[in-house]
Amino acid sequence: MATSKPVCVADFEVAARNLLPRNAWDYYASGAEDMYTLRDNTDAFARIRLRPRVLVDVSKIDLTTRVLDHTIRSPIGVSPSAMQRMAHDEGERATARACAAMDTCMILSSWSTTSMEDVAAAGRSVHSGTTADLPSPVRWFQLYVYKDRATTRNLVERAVRAGYGALVVTVDTPYLGRRLADIRNKFTLPPHLTLANLAAQGQGEKAQMAPGGTPVPGHSNASGLAQYVVDQVDPTLTWDVIHWLRSITTLPIIVKGVMTAEDAALAVQHGVDAIIVSNHGGRQSDCCLSTIEALPEVIAGVADRVPVYLDGGIRRGSDVFKALALGARACFIGRPVLWALTCGGEQGVRDMLQLLEDEFKLTMALAGCSNLSQITRRHVILPSERAGIPLSHVVPAKL
Ligand SMILES: Cc1cc2nc3c(=O)[nH]c(=O)nc-3n(C[C@H](O)[C@H](O)[C@H](O)COP(=O)(O)O)c2cc1C
Ligand SMILES: CC(C)CC(=O)C(=O)O
């Protein structure tokens, strides 16, 4: 942990940067190519301003919300991020315990360095060690669809057996984005770690990340990671994959990586249970819109038929407030979890989530909202509206 306790998410980032080896820091921090989208994800939040309401009783604030059928303590969950044991030896187990303690939702990456069964057990132990009546922690499994469908099916079946409550299918990664630092570092996983979910199903060879093999589109000299993706992940996927997944599981299916109204409408048409607006933390297509800027069109495309969540660039409680005001049901956090894990393992992640929750609660109080349903579109003002278009032309008044 840094010598003085972090007072904002950025403090965790500075501390983690000083602690992590170059290979790991670059992998965690990087975006694709010029990293325009990575920067936009945070900058776009900063350009949105609030319209606070006053003289509302905010002495009690209820942050609870529902994600699918689960109630969680606040609308701040944890996005899937691969290879967390590079940050801390306890890796995904520590994140799972922190999420369970904070009563929020953790999405576990397919490419975790701890097996999904071990993570499931770690999340549970916090609750079962205290109050028997507490519900099981909310955990969802993020799925990369392998070319080899038997491998994919095994992952799904194991996720069901281990008690994961939904599949989060990542749809923005037919190939890996071009992350220059990883190419320069020739990124591979440190030798003492494996992609544990694959290794656990006797597919250790599928967990190898060595440069060479099938040529990688757009990569004249690929990182081990980009090579792994091109060798294993199915780039032929279409919306049919949702129907295939439905034929092998009854788990709810969430698609992660939708950025347009057209795809949001298709997702609904193909029967998904929820959508995560995500550009993969700016790590896939550089130059695509920030997620907070894409959110309104996705919300319009969905027209209230399924819940929409958002990740990308959330660094402040006020960012969560802005996303909810623009229609997201909950937000998920990526890199800040890795920084907090680096700084203090489970306690670090708890502290970081608590900090964001406290900031969010204060933002609500200062905006005159005592529960999430009171956060409305009229609480935010977008750059285009600041530029002179009267708000009444953009947002119908509901007084
Ligand atoms: C180091 C790292 C690893 C990631 N691994 C995965 C992954 O395995 N699966 C996935 O769907 N998204 C992955 N993501 C994307 C995150 O789930 C999320 O979309 C993104 O980090 C959100 O942006 P933020 O980091 O600005 O919060 C990863 C992101 C990072 C930074
Ligand atoms: C193994 C990686 C492809 C995981 C990932 O999604 C990422 O690094 O962004």
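Cβ atoms here come from the backbone N, Cα and C positions, even for glycine.
Summarising the annotation, TrEMBL assigns domain 'FMN hydroxy acid dehydrogenase' to 1-385.
Every protein chain shown contributes to the tally, and the Cβ of Tyr27 (glyoxylate binding site) ends up with 24 other Cβ atoms within 10 Å. Marked as glyoxylate binding site by TrEMBL: Tyr27, Tyr144, Arg179, His280, Arg283.
Spatially close to Ala82 (FMN binding site) yet at least six residues away along the chain are Ser109, Ser110, Trp111, Ser112, Thr113, Leu195, judged by Cβ distances under 8 angstroms. Per TrEMBL, FMN binding site is recorded for 80-82, Ser109, Gln142, Thr170, Lys256, Ser278, 311-315, 334-335.
Long-range Cβ proximity for His280 (glyoxylate binding site), meaning a same-chain Cβ under 8 A and a gap of 6 or more residues, is found for Thr170, Asp172, Thr173, Gly177, Gly257, Gly312. What TrEMBL records for His280 is active site, proton acceptor.
In the three-state DSSP reading, Tyr27 (glyoxylate binding site) counts as helix. Taken in sequence order, the binding-site residues Arg179, His280, Arg335 that lie near ligand 1, meaning a CB under 6 Å from one of its atoms, are His280, Arg335.
Candidate binding-site residues: Tyr27, Pro80, Ala82, Arg283, Gly313. Those with a Cβ under 6 Å from ligand 2, in sequence order, are Ala82, Arg283. Ranking the binding-site residues Arg283, Arg315, Arg335 by how many Cβ atoms sit within 10 Å of each one's Cβ puts Arg283 at the top. Sequence-distant contacts of Lys256 (FMN binding site), defined as residues of its own chain at least six apart whose C-beta falls under 8 angstroms from its C-beta, comprise Pro80, Gln142, Val168, Val169, Thr170, Val171, Asp172, Ile276, Ser278, Asp311. Taking Gly313, Arg315, Arg335 as the binding-site residues under consideration, the smallest Cα distance to Arg179 (glyoxylate binding site) is found for Arg335.
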